[in-house]
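Trainee: This is the structure I have questions about; it appears just below.
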Amino acid sequence: MLEVLRIHRRVGDMALVFDLMQKQIINRNMKTYLTIFKGLYIRGGIRRAPSALEKMRKAGFVLNAYSYNGLIHLLLQSGFCREALEVYRGMVSEGIKPSLKTYSALMVAMGKRRDTETVMDLLKEMETLGLRPNIYTFTICIRALGRAGKIDEANAILKRMEDEGCGPDVITYTVIIDALCNAGKLDNAKELFAKMKASSHKPDRVTYTTLLNKLSDCGDLGTFKEIWNEMEVDGYAPDVVTFTILVDALCKAGNFNEAFGMLDVMEKQGISPNLHTYNVLICGLLRVSRLDEALKLFNDMGALGVEPTAFTYILFIDYYGKSGNPSEALQMFKQMKMRGIVPNLVACNASLYSLAEMGRLGEAKDIFNGLKISGLVPDSITYNMMMKCYSKVGQVDEAIKLLFDMMENGCEPDVIIINSLIDTLYKANRVDEAWQMFCRMKDMKLAPTVVTYNTILSGLGKNGQVEKAIELFESMTVLGCPPNTVTFNTFMDCLCKNEEVHLALKTLSKMMTTNCRPDVLTYNTIIDGLVKENRVGDAFWFFHQMKKLLYPDRVTLCTLLPGVVKDGRIEDALKIAEDFVCRVGVKIDGPFWGDLVGGILTEAKIDAATLFAERLVCNGICQDGSVLIPLIVFLCERKKALDAHNLFVKFMKNLGINPTLEVYNCLIDGLLEIQSTGKAWDLFKEMKTIGCAPDVFTYNLFLDAHGKAGKTNELLGLYKEMHCLGCEPNTITHNIVISGLVRTGCLEKAMDLYYDLISGDFSPTPCTYGPLLDGLLKSGRLEEAMQFFEEMLSYGCKPNCAIYNILINGYGKAGDLETACELFKRMVKEGIRPDLKSYTILVDSLCLAGRVDEALHYFEELKVTGIDPDLVSYNLIISGLGRSRRVEEALSLFNEMRHKGITPDLYTYNSLILNLGIVGMVEQAGKMYEELQLLGLEPDVFTYNALIRGYSTSGTPDHAYTVYKKMMAGGCSPNMGTIAQLPNQS
């Protein structure tokens, strides 16, 4: 009837019919309200109920108590809790009393959302209206408080029930036992269980199942078996559910033989293990990484009469994703679909986790879109995984956009999502937006957790916003979220790194008065701050205070000793190092000495670090050659490999240190870098004579040197020697040889070697294919290169950004820009984030082809993705715009690059001078010439040629000859182009 009246737009009659339905208590369902909404032109479905009520009232639709109660239930069933609460508020404001059932439904909904404040407010409000809570109402409150971990408040409700004569029943006891177990208060749970047994409310099967389930999680097998026996004595025979819980408990305790033995016990008692039983076993095996056994059980399930479901596959998808094997996770997802099992939301979420870890955005979007097409509604985890995907590939704006899409679709974000987005924004250096996101949490009715505060404090500290950090930290306790040890450490780190060590010391004093105890990280943070302020004496005192409570760790020494040595207190530093070495239970290895001397080197410079290393050796504190590594690396990085060699000889011959293989490799690397190949080869021979056999890394250094020098015969000879001496080449070795062969023009030999290798057990990497693809493309063999690229995929080698850059560059330089652009799009779809080089190559290729608009599009996209253009990329787009006579845009980008702090080079100026001259802006070109000299740049022949050309073509030959004379006077020799540009003299 309502629908007919709506079609004829008889809204008044619709109101009369609705009123009649209320009076005769005719069912008013979802369709009833949606029909009325349509008649009143209210869009947005049942969710618009709160705002629709006013419009309904004006049109004559007056709801009674039954209608209000029914509407609230409809909203709750549709998942619109906030809207249901708004309708409830409206109902109460009109003086209409909600039913006890409505209050219960609202409290259940709010409890599921962990909104205990609203639950307790509803309890008070119902009592204010004269409704007396019953056992069911109180039990709802206890469940909500228990789920939120508010055990004291839950116990208070339990006591109130007893005081008011509304004694708890079996369900109430079971609910609070569950809450106590979840809060880790097992002893209290057992006490309550004993009290329950002594009361008139004996535990039922659900109570036993609940307690056993919780005991299985904590690994307390002794108590578990006691409760199991009591359950049997009370007449509750174990069923498939309780047996499965027992199997789970045994798996968690590592008793897999006993767990599998339970299957036989079940069979003898006539109980068939169900799907959940097998899933529990698989889950247990995967938890301890016994993958092969889990897979065997999975493959045997069909023969055992149980078919795996989506959840079984999820166990494997989750395992593969979290153990760093996302490809296998996706394979399992595909296998599930091939077997006709429709992926559920959890399966999609687990697969999205793997894709998010790899940043494979294209495939993640396919799953996300497919999920919606199949009728599944994404939840907060789905959105969180998609946001991670976007963040991983640098598309932060898309991640933010997804947050708003999520809210529009009725999926309310949780605090985990907001924390993740805040962290993402800080990492992208979008500090203000991160803070705004934090402030917006209040509007979303989300309470920040201690993790939220820790993330914000860390971000504020890294961006130097100390005052804001102080204000936030001080507000935490007031806002009901007291700081934990991590918070204190994060805040003190923020203060120390921003030259506020005095405030960090006050914070440490405050920390001592709370339940948070300083840990090693706390002291390390304070010591680091004091050392950076050159307050070495105070840092020294703190170190000794720390020793009274805690053992210093490696970080402590690497933080303190650089400052102590820099302060000239080498004896103190040696004493601390000696005490640390002599402490029982401390295992000192080579990396520690390397890290320690490396830190001293950074803080106290090379001479002090060398002296400290010598004293360590002379005093017998350290006899490990690793102490030399940072010193040698430091000198070699500064092209002082000969000084490093002298130091090496001193420590080896004078101080008696036996050099390690790593020391030899570092020194050889440095010597080869400065072309001191003779000394490098001498060390190579010396290694063999003293019994320090060269390893694959050593050989790789020499092979690389031969390849770069174009010595093909020596390269292949050394490669052969490795095999003969039993030093097994690794993938890097093979890649170096292939690259060396391509570099020396031996592409066919490189291809032959590649095919020989893959006929064995060689697993090629992108570094294998890169040189070969580059060689093919540069030889003009484009089709062969593309076939080779596809072959790479068939061998399971996933291309990376560098491979795509080689392909895009090859096709772009060959003029096949369509393929180059398609390759770029394919890279993005596969979740491979283009880098600066990717965009630069594409911009360059498009500019050379005169397709400047497209080049400009990619240049702007580069900035949007969060990558900062460099000098080369600016030069290319400026040059491209100039060649297209779009000099105003070129000048705009020129100013932009300078504003960003990028100093133009001679190429920049030459390009602008040339193109300004071509379009007749000769005066501006002249200013550019003067400006480059002010910057200390030396004009070259191309600068002068561009300027001469500009003046010549603009009809000012005198200026052209003036420039020519300056060129000659400055000692810059003209070329053929110079003479050609000069105007004819009459």
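First residue shown is number 1, and so on along the chain.
Yeah, the Cβs are placed from backbone N, Cα and C, and that goes for glycine too.
Copying in the features that TrEMBL gives for the protein in this structure:
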| type | residues | note |
| --- | --- | --- |
| DOMAIN | 47-154 | domain 'PROP1-like PPR' |
| REPEAT | 64-98 | repeat 'PPR' |
| REPEAT | 99-133 | repeat 'PPR' |
| REPEAT | 169-203 | repeat 'PPR' |
| REPEAT | 239-273 | repeat 'PPR' |
| REPEAT | 309-343 | repeat 'PPR' |
| REPEAT | 344-378 | repeat 'PPR' |
| REPEAT | 379-413 | repeat 'PPR' |
| REPEAT | 449-483 | repeat 'PPR' |
| REPEAT | 519-549 | repeat 'PPR' |
| REPEAT | 765-799 | repeat 'PPR' |
| REPEAT | 905-939 | repeat 'PPR' |
| REPEAT | 940-974 | repeat 'PPR' |
Trainee: Please spell out the DSSP helix, strand and coil residue counts for the repeat 'PPR' (379-413).
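Mentor: Output for the repeat 'PPR' (379-413) reads 26 helix, 0 strand, 9 coil.
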Trainee: Can you name the far-off residues of the same chain, 6+ from the ends of the repeat 'PPR' (64-98), with a Cβ under 8 Å from a Cβ of it?
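Mentor: Residues packing against the repeat 'PPR' (64-98) from afar: 22, 25, 28-30, 33, 46-47, 49-50, 53, 105-106, 109-110, 113, 118, 125-126, 129-131, 410, 445.
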Trainee: Taking residues 6+ outside the repeat 'PPR' (449-483), which of them lie with a CB under 8 Å of any CB in it?
Mentor: 415, 418-419, 422-423, 425-426, 429, 431, 434-435, 438, 441, 490-491, 493-495, 497-498, 500, 503, 507, 514, 516
Trainee: Determine how many residues of the repeat 'PPR' (169-203) DSSP places in helix, in strand and in coil.
Mentor: 26 helix, 0 strand, 9 coil
Trainee: Give the nonlocal contacts of the repeat 'PPR' (169-203) in its own chain as ranges (CB under 8 Å, at least six residues past its ends).
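Mentor: Counting only partners 6 or more residues beyond its ends, the repeat 'PPR' (169-203) has Cβ contacts under 8 Å with 135, 138-139, 142-143, 145-147, 149, 151, 154-155, 158, 161, 210-211, 214-215, 217-218, 220, 223, 227, 230, 234.
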Trainee: Please work out the helix, strand and coil residue numbers for the repeat 'PPR' (449-483) from the DSSP assignment.
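Mentor: Final tally across the stretch: 23 helix, 0 strand, 12 coil.
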Trainee: By DSSP, what is the split of the repeat 'PPR' (99-133) into helix, strand and coil residues?
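Mentor: Residue counts in helix, strand and coil order: 26 helix, 0 strand, 9 coil.
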Trainee: Tell me, roughly as an integer, the mean pLDDT over the repeat 'PPR' (765-799).
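Mentor: 89, rounded to a whole number.
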Trainee: Let me spell it out: take the repeat 'PPR' (309-343), skip the flanking residues so only those 6+ beyond its ends count, and list any with a Cβ under 8 Å from a Cβ in it.
Mentor: 275, 278-279, 282-283, 286, 289, 291, 294-295, 298, 301, 350-351, 353-355, 357-358, 360, 363, 367, 371, 374, 798
